[in-house]
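Here is what Swiss-Prot says about this protein:
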ACT_SITE  H111  active site, proton donor
BINDING   S97, N113, V114, R115, G266, G267, R268  substrate binding site
BINDING   H101, H111, H153, H183  divalent metal cation binding site
REGION    248-283  region 'Important for dimerization'
SITE      H183  site 'Important for dimerization'
Amino acid sequence: MSMTELSGVRTFLLGLQERVTAAVAEVDGGDFITDAWQKEPGEPLQGNGITKILENGEVFERAGCGFSHVQGSRLPPSATQHRPELAGAPFEAMGVSLVFHPRNPYVPTVHMNVRMLAATPVSAGPAEAVCWFGGGMDLTPYYGFDEDAVHFHQTCKDALAPFGGDKYPRFKQWCDEYFYLKHRQEQRGIGGIFFDDFQELGLEQSFAMMQSVADSFLPAYLPIVRRRQSQPYGARERDFQLYRRGRYVEFNLVWDRGTHFGLQSGGRTESILMSMPPLASWSYQHRAEAGSPEERLYKEFLIRRDWV
């Protein structure tokens, strides 16, 4: 990948961060704090980034959106599970990652990430760098609504349609398999799309597909926020929201490759953990009441299901 191509990816990602945070700030009425950072000389990773975070807003308790562009001397194990030939290779990675935790339990939590990684096998020269893209988005409701799930998945499907009819079903299944808490035997949410190590369309079209996914995020999520943000709720709904947020914490710390990659490679911990909810709770052997909306979430939404 040339310097010009790398610059194009960086420019797109920075613009994406600006567009998303501006739109979310307009919905919430609050302001994002901008924290630009630079890695110090001598650290395992070199590079820079911008973390934007909104906390204690009207709509969002925490909304974090981070851009990072880093270089390292050795790919960490979390990035070479499917590419053993790249173990220990120097690499360059950049991406935008966001997680929004709403205040109202009827508004779902959302995660989106798009990224590019280039690595040079130890035995190769710079011209032989291997480059791939990854990304996706997924929705984690606390109370399920069919119309929200259908809208989210349809928007994801439409974003991938120009790149082949096989992409949505493949990436939807990948998402279902990835965002699964093995120790709980539960889906994290209703899924969405997920792809990684992707280069099969060639550099230009693979980047275009990543851009299409990124550009579909606001149309996929904000209509759901607007539909649910003023819905009345009480202590019961809030308690269940906090309990389910505990599952989010468990997944991110135990299973998420992105979190592991950041921590294993010497990334910026404060930015990596901005995905954590501001409040969460755990209750021993919690059981949803039979026939309740909470039970419906488990039976009808936290399952692998074709929404479109």
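Cβ atoms here come from the backbone N, Cα and C positions, even for glycine.
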Length of the line joining the Cα atoms of G266 (substrate binding site) and H101 (divalent metal cation binding site), in Å: 26
In the region 'Important for dimerization' (248-283), how many residues does DSSP put in helix, strand and coil? 22 helix, 0 strand, 14 coil
Could you measure between S97 (substrate binding site) and H153 (divalent metal cation binding site) for me? Cα positions, answer in whole angstrom. 19
Using only the Cα atoms of S97, N113, V114, R115, G266, G267, R268, which the record gives as binding substrate, return the largest interatomic distance in Å, rounded to a whole number. 20
Set of same-chain residues at least 6 away whose C-beta sits under 8 angstroms from V114 (substrate binding site): L13, L16, G95, V96, F133, G134, G135, M210, Q211, V213, A214
The recorded positions listed are H111, N113, R115, G267, R268; by CA-CA distance, the one closest to H101 (divalent metal cation binding site) is H111
H153 (divalent metal cation binding site) and R115 (substrate binding site), Cα-Cα, nearest whole angstrom: 21
R268 (substrate binding site) and H111 (active site, proton donor), Cα-Cα, nearest whole angstrom: 19
